[in-house]
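Asker: Right, I'll just put the structure down here and ask away after.
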């Protein structure tokens, strides 16, 4: 009996921050910043920064590379990122709250690669700046409109913003583009918005968008969605406004009709991950 109680307490501790509260599944992967610590990657993609470059990125934003203790303090309040990055003194690692088979080797804590002798290795960065102003955010309201930084004025160069939408379990997300004007190029390699039908920007890729044509509406397959906005160091444009509305689960009486209603009315849409209502 004592052993069973002990095992229960261990499991309870492990699940804190990863369960349901007020009908919303809380998963700390959504936290882009905690205790002044935040994750940065190069604008060219993941694992592109040398130690000197990572240090310069943090200092450019008014901060510095996070120490191991600062990263661990952030992890203890829910900071979870599945990407190795430079820390102070040439250390590399990443914070894991929830163990998983594809991230963290099934462990929790700081996955520590130690102090690297080769400072030319390329990783991401973990910066510390408790006073930095970040674009993006986490939304749990049933409907919301969010905008590019400075909208309706043009956005600035060198922006990286994340918006995470997490609704009540069972709901889905109807995403609509109200205004959209980004630098246009054939491969959307300069300025773009990426949409993911998941809780992070690793899984569930839906599409990358640029130019000035309004993308079609998108409906998620679940109650979470992630949007990433990136601008490069040159041309800017008018920016965007994006609206989302929660879609309640289809009632049993309407099953089989392949219909659903939101306050946005009937419009063409792309279902997240190409599923259908």
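Sequential numbering from 1, following the chain as shown.
Just so you know, glycine gets a Cβ as well, placed from its N, Cα and C.
Worth saying up front: this structure is predicted, and the values here are computed from it rather than measured.
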Asker: Quick check: of 191, 248, which does Swiss-Prot put in the same Ca(2+) site as 183, 232, 234, 235?
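Answerer: Only hit among 191, 248 in Swiss-Prot's Ca(2+) site, alongside 183, 232, 234, 235: 191.
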Asker: Take the Cβ of residue 82 (disulfide bond) and count every other Cβ within 10 Å, whichever protein chain it belongs to.
Answerer: 17
Asker: If you count other CB atoms within 10 A of each CB, which of 58, 103, 127, 135, 210 wins among these disulfide-bonded residues?
Answerer: 127
Asker: Taking the mean position of the Cβ atoms of 183, 191, 232, 234, 235 as the Ca(2+) site, which residues outside that list, in the same chain, have a Cβ no more than 8 Å away, listed in sequence order?
Answerer: 157, 182, 185, 190, 231, 233, 236, 237
Asker: So which of the binding-site residues is most packed in, judged by how many other Cβ atoms lie within 10 Å of its Cβ, out of 183, 191, 232?
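Answerer: Its Cβ has the most other Cβ atoms within 10 Å: 191.
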